[in-house]
Ligand code: AMP
Ligand code: ZN
């Protein structure tokens, strides 16, 4: 079966044909560890996870690398604000990120690569670009990429070349900037006192800049070029990130990598759209973000967020609202209950206590077609619902098929415990909600006692009642 991805490079949905069928080379831009990522960021990593799972589901071997940006303008700025070393500061947030990744059932890549472990590789690329005359040294000792020397500059973001020429007179040293500011960008930043103890001294930095004293640090964009090429080679199949990475980050990655090797860097560039809040991009700088902890503090399982994400295609914008998340929670719980009602675990089945199910090939074909079609998880989920409701499929087969689908969905069906809330309790909880609505607190308390006596606890949260086993 063929896989299709929407390739930002060609602005078309294309059939996926790997460079070398024996192993797909896949790189994802990972987090900048200067704070807790927000749930919008986790859309990028969940989407990369689904993409990888779809490749695996189609029997490809996948080598996946995700970077951890532990050096850039923001990590340096904020580590100093907190009076911590860059290492101590970034390791703290890296830990937090890895915990969240587990909670979201994101398969770990083959390697999480830390930028600070690859400075030598970055230096080599900068040296090559200097040698080729594509990069130059400025007065302060920084090294800039001369975008006019790379005729394909702008091919990913479709930067209009005329505009580029008009604006391309200056240089830009900061890591992030917009398309209107397309200029020569910093590959290597000469040291200044804001960098404190953070610096390296490669040979090309010598003699440059009165204040830098030959010291400096890499720019953000060179980091991903170096980590991708060091682990996956000069040419890779798929590179992912959010749409805001298209310019300048990915445009600059192409310029650096292709400028250095003369070969096409990435075959398929695939980008996820934004999570919005009230119609605006969720972002740290806009102070309109939530972290995964904000969800778990409200008693919401991170997998509910994953499920909510899967209900939309990665390429469409989604507006985050608590009520929608709550509705996803209800839907996921229903799915889980229906799954558990299908019978005992496969382990028991294998012990001979239950018939071992077989994957239903018709449903599998439909599901695979959907998810392989540019990761159409909404249709994949509706196939799952159709399967669960289909009375012509034996329960054991349904179970086996759901577990197979879950290789892509990653909703953790295999790990579900049997402590799902029974119908009887759900009925009492609904009655209690009504009693509370009518301000009949005596009845509400009686119902709580009854629920407790049946072995369940009920808590009142601002998102309604939360029930759990005592
Ligand atoms: P950053 O830490 O800002 O580099 O972002 C990490 C990843 O999250 C990148 O791939 C971004 O494109 C992505 N991203 C940032 N904000 C959002 C958002 N609101 N919705 C979806 N993805 C986002
Ligand atoms: Zn990157």
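Glycine is no exception: its Cβ is also placed from the backbone N, Cα and C atoms.
TrEMBL lists motif ''KMSKS' region' for one of the ranges 281-285, 286-290, 291-295, 296-300, namely 281-285. Per TrEMBL, the stretch carrying the note motif ''HIGH' region' among 20-30, 31-41, 42-52 is 31-41.
Its own atom aside, the Cβ of residue 284 (ATP binding site) has 15 Cβ atoms within 10 angstroms in the protein chains shown.
Mean pLDDT for the domain 'Cysteinyl-tRNA ligase anticodon binding' (421-466) in this predicted model: 87.
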